[in-house]
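Here is what TrEMBL says about this protein:
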{"type": "BINDING", "residues": "ASN140, ASP200", "note": "Mg(2+) binding site"}
{"type": "TRANSMEM", "residues": "6-25", "note": "transmembrane segment"}
{"type": "TRANSMEM", "residues": "71-88", "note": "transmembrane segment"}
{"type": "TRANSMEM", "residues": "95-112", "note": "transmembrane segment"}
{"type": "TRANSMEM", "residues": "118-138", "note": "transmembrane segment"}
{"type": "TRANSMEM", "residues": "145-163", "note": "transmembrane segment"}
{"type": "TRANSMEM", "residues": "169-189", "note": "transmembrane segment"}
{"type": "TRANSMEM", "residues": "201-219", "note": "transmembrane segment"}
{"type": "TRANSMEM", "residues": "274-295", "note": "transmembrane segment"}
{"type": "TRANSMEM", "residues": "301-323", "note": "transmembrane segment"}
Amino acid sequence: MLSVPLAGGIVLALAVGTLLQPLILRLLRAAAVLDIPSERSSHSTPIPRGGGVGVAAAAGLALLLNEHARSIAVPLLFFAAIGLLEDLRGVPIRSRLLLQLLAGVGTALVLVPGGQALYVHVLLVLALAAWLTSYVNAFNFMDGINGISAVHAILGGVVYAVLGVLTDLPLLTAAGSLIAAASLTFLPWNAWVARVFLGDVGSYALGGALATIAAYAVVRGTPPEAAVAPLALYLADTGWTLLCRIRNGEAWYHPHRHHAYQRLTDGGWSHQRVTVATAVAGAAVAACLVAASFSGPITRAALDATALAILAAYLAAPGWLAAQRRQPSSEGRTIHARTVSSTSR
């Protein structure tokens, strides 16, 4: 059941995000903070970037005021600050990575419980920092078309809210609900016609918060498959794309348009269609993985296999779309050849 403080926090996040966004857009335009189209862009005209300031502020304030979830506000705001610096001034890749790792280490020091040998504690902190940094960048890489990251943050928030109820972890329920509410306020500005982009400030903040919630869930005993359930699609797209680029001998660290969602838009699907498709696939995968973690061995294996099959189908979808686009022209040439043959006879 939704508590009164949490309900108030949701209303606060919705109100702050809604009220801030038009003001932030005017400030970004006045300061000429624009995303200039490049070879990996899915837009053709300069668009203000940094709209995630409103999302981060709304989520951060609501999280800070919630007794269960305020610890999630710290990494969210730390990663948001790094992203804002990148949006406003630009930060060299190595410096940016170092800042992300430092934010990850700081978060990990709070999350990792004591009681282990020192070297075990250090390894756990470093592993968690690497996880946070990796997912922040994965979320950022996937934030390339209208609405996709706001929708996935909403999905992640809802899944974690439900998971918190199922596992009796109030932090998951509170943090998930507040992040979903704050992310919802960005959709009117980006889902259909992109008037502003989240920018690194938004993608870093949301990615950092979701990754921290997942890590907290694992530390508190939640099965890993359930903890990463709403993040699985972004992880699969980013991980598979990276592996393919390395296998093909490409400079994997350079900008590109090889993600599955980018290839779907290049194949003719609209931004909205791809966003909906990824959301449906992500929700199906999350449902399977969460259900699997509360099931017996046989059912669990079947649900995990179903989730993997959905992810595989998503990754293969651009190839299927390309084959379909080639098929009509082939059929057309066949029909034309038959017509010419019949006429000649």
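Each Cβ is built from the backbone N, Cα and C atoms, and glycine gets one as well.
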- the transmembrane segment (201-219) touching the transmembrane segment (118-138) per 3+ Cβ pairs under 8 Å rule: yes
- Lying 6 or more residues past either end of the transmembrane segment (6-25) yet within Cβ distance under 8 Å of it, the residues of that chain are 48, 50-51, 53-55, 57-59, 61-63, 65-66, 173-174, 177-178, 181-182, 184-186, 189, 195-196
- If one takes Cβ-Cβ under 8 Å and requires six or more residues beyond its ends, the residues near the transmembrane segment (201-219) are 50-53, 55-56, 59-60, 71-72, 75-84, 86-87, 100, 103, 107-108, 111-113, 128, 131-132, 135-140, 143, 149, 153, 156-157, 160, 163, 167, 169, 171-172, 175-176, 179, 183, 186, 226-228, 230-231
- Contact set of the transmembrane segment (145-163) with the rest of its chain, CB cutoff 8 A exclusive, min separation 6+ beyond the ends, reads 42, 55, 139, 169, 172-181, 183-184, 186-187, 190-194, 198, 202-203, 206, 210, 213, 217, 222, 226-227, 229-231, 233-234, 261-262, 265, 271-272, 274-275, 278-279, 282-283, 286, 290
